[in-house]
Amino acid sequence: MIYRTIASIAQRDRNFFISLINQATTLSQLNQIHANLIRNGLSNDLITITKLTHKFSDFKSISKAKNLFTTFNNTNPPDLFLYNVLIRGLSRNGLGVEALSLYLDLLKGSKLKPDNFTFAFVVSGFSSSGCEKVGILIHGHVIVSGFGSDVFVGSALVDMYMGFSRIGHAYKVFDGIPERDSVLWNTMVSGLVRNCCFEESIQVFGDMVGRGTGFDSTTLAVVLTAVAELQDLRNGMLIHCLAVKMGYDVHEYVLTGLISMYSKCGDISTAKLLFGMIREPDLISCNAMIAGFCFNNENESSVRLFRELLVHGEKVNSSTIVGLIPVSCPFGHLTLTCSIHGFCVKSGMVSNPSVSTALTTVYSRLNEMELARRLFDESPKKSLASWNAMISGYAQNGLTEMAISLFREMQKLDIHPNPVTITSILSACAQLGTLSMGKWVHDLIKKEKFESNIYVLTALVDMYAKCGNIEEARQVFDSITEKNVVTWNAMISAYGLHGCGREALVLFDQMLHSGVSPTGVTFLCALYACSHAGLVEEGQKIFHSMSHAHDTEPLPEHYACMVDLLGRAGKLENALEFIYEMPLEPGPAEWGALLGACMVHKNIDLARLASDRLFAMDRGSVGYYVLLSNIYSADRNYCQAASVRKVLKNKNLAKTPGCTLIEVNGYQHVFTSSDQSHPQAAAIYAKLEELMEKMREAGFHTETSTALHDVEEEEKELMVKVHSEKLAIAFGLLTSEPRTEIRIIKNLRVCVDCHNFTKFVSKVTDRVIVVRDANRFHHFKDGDCSCGDYW
């Protein structure tokens with residue numbers, strides 16, 4: 001009887017203290033409860049101490065939690081529940097390594113066996129630790145222990161792999177779990193959004209709804225982020241309807257997601273309406289509205305709302321600042337950006353990765369690359385988004401070697417790329433024309449399991465096309481099952497760039513029959529292809545169909561393309577008539593296209609007319625002055641040519657120096673005109689002289705019509721003989737195996753003489769030579785060029 005009474009008192013005391021622990025709101029209260037537990041002889045009561053350990057962990061007092069755990073020993077060992085509680089606490093407090101150490105102690109120092117909770121908590125500790133290899137080893141333990149298909153562990157594994165940007169691994173875990181709950185689906189959707197796989201996240205959400213899995217307001221808020229990033233208004237409105245149907249439209253974070261979605265889809269009025277429906281907007285909804293104003297270039301409204309928050313004493317956070325920074329519409333807002341940067345420095349928010357990334361992005365878009373790089377280098381914590389912003393900034397500003405160098409540095413630090421990183425680096429490879437680097441990135445795509453990402457594959461098509469491998473570009477294109485309009489545009493543009501006009505038009509028709517609606521860019525790609533293949537009638541039909549069949553109004557660039565199409569075909573009068581009949585005011589692009597056609601067809605009168613109009617509009621463009629000078633030189637009107645060159649000199653305008661790049665064994669070599677700096681210069685010039693001898697025997701004559709007029713004919717021949725592309729080709733012949741293909745890239749349009757030279761070289765050496773100039777690709781074989789002398 002006495003024993004029962006004592007037991008009941010102990011039981012009552014335990015329940016009393018557990019109740020106190022649950023009600024505690026401060027660390028001081030917990031410490032007082034702990035003292036009373038010791039006084040009442042409950043310091044070794046497993047259930048009570050487990051609850052206290054849990055609470056200390058939640059209060060981030062992890063040292064206290066660990067001390068409580070150590071009070072248990074071999075005579076009074078901790079149970080699995082206490083192990084799990086402390087492992088969870090360590091993981092949630094960013095101490096993944098200590099969580100792992102405790103897990104190993106559980107395996108080796110006790111007779112207990114880990115359960116699904118143990119594994120889920122250990123795995124979650126490595127989701128943010130960056131130690132991927134250990135995470136994979138733990139996954140191995142999970143499988144061996146028979147928890148590979150457990151939904152609770154699976155959610156933690158998916159989250160971990162998403163944190164490492166291992167999308168393929170996450171899918172593999174996800175697909176291996178037969179009974180998926182809403183938590184697992186939400187983890188998959190949010191992970192894809194975090195990795196910028198927006199279309200895939202919407203597809204997964206669609207599968208979730210289709211399978212009848214219950215979703216909540218959190219799911220909707222996450223998928224709205226993906227829709228907003230894609231600016232997919234149709235799907236956004238469907239999700240809005242779904243939210244209304246399920247009663248989630250009144251939830252503030254769903255409303256906030258809708259505000260963001262409508263803002264990014266350009267419907268700022270609906271966003272304002274939704275914002276007005278929130279009785280007392282919190283900081284999160286205000287942040288969404290600030291970002292919405294900024295995205296739609298309503299910066300005054302954005303700054304006004306920001307100031308209101310400060311006036312009312314609201315403590316703004318990093319999301320407020322990111323929304324305020326004019327990332328989407330940066331032009332003309334350098335002063336505002338610098339002011340925001342100053343505010344961030346004073347408030348200490350500049351060290352926040354998302355803030356520094358947004359500022360880096362704006363500086364990059366404004367071509368303030370020194371400011372961008374300084375900010376990047378000073379950032380103490382560089383997120384993957386930070387690396388992406390800097391790499392993308394270099395690529396977009398033509399600093400391709402810097403982009404590739406930074407990407408390699410990122411690889412050395414074992415930071416895994418995501419699809420955004422890959423598309424940026426592929427863009428750099430495409431600009432630089434480095435095929436070997438592009439192929440290496442393609443292998444990396446396979447390794448990282450990004451082969452299903454439409455943006456990555458589209459960038460891959462573009463890279464192969466711009467690096468001269470049109471066959472590989474088509475193979476990648478054909479491998480894409482769900483092609484969007486950007487993918488079709490990339491391949492049509494690729495064919496146009498390589499002078500394959502017929503193939504481009506076949507693809508254009510296939511796109512129309514597939515049900516994908518063409519955009520203005522699609523028509524531009526098709527017209528460009530027609531222009532460079534001399535397909536005048538087909539081009540005219542496509543241009544006419546824009547407004548009559550596809551409800552797309554032509555923009556100035558479409559009109560310029562039509563002028564180029566007519567001009568290249570020798571229909572100069574038709575081109576002039578087309579310009580006069582334009583519903584828009586003709587600009588430099590149209591008159592410049594006509595002037596270029598005058599050069600090809602040697603029409604001096606129209607050249608004067610076009611140049612007069614051009615120089616009245618665009619006095620700073622060097623290219624047009626050089627083009628007019630060349631037209632006069634070709635007509636042997638050297639006095640007028642000299643006059644144009646004098647104008648250039650008086651205006652301090654300098655022609656862009658020509659240079660040519662060739663890649664040999666993974667190394668890039670750049671040549672300029674009359675270049676003597678290369679270590680193998682003597683051998684290159686000797687090879688060039690050897691080629692000239694063979695070519696003269698085959699009937700080659702140097703084209704000197706556009707060379708300077710005040711020198712003798714022999715000197716003119718010498719001047720054009722050492723153009724940079726000739727040196728690059730000679731070097732390519734010296735350093736490559738017989739009959740192998742030579743690829744070079746020229747920064748300017750290839751001149752007539754170099755074009756003829758390359759045709760003859762391909763004939764006398766039995767080589768295929770691929771040349772990318774400023775306008776297009778030329779494929780030389782057996783003395784002919786794919787452009788048909790039409791470039």
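Glycine residues also receive a Cβ, built from the backbone N, Cα and C atoms like all the rest.
Bear in mind that TrEMBL entries carry predicted annotations, made automatically and left uncurated.
These come from TrEMBL:
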- 79-114: repeat 'PPR' (REPEAT)
- 181-215: repeat 'PPR' (REPEAT)
- 282-316: repeat 'PPR' (REPEAT)
- 383-417: repeat 'PPR' (REPEAT)
- 453-483: repeat 'PPR' (REPEAT)
- 484-518: repeat 'PPR' (REPEAT)
- 699-791: domain 'DYW' (DOMAIN)
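Listed by sequence, the residues of this chain that lie at least six past the ends of the repeat 'PPR' (282-316) yet keep a Cβ under 8 A from its Cβ atoms are 252-253, 255-257, 259-260, 262-264, 266, 268, 271-272, 275, 322-329, 333, 336. The average per-residue pLDDT of the prediction over the repeat 'PPR' (484-518) is 94, rounded to a whole number.
For the repeat 'PPR' (383-417), residue counts in helix, strand and coil come to 26 helix, 0 strand, 9 coil, using DSSP.
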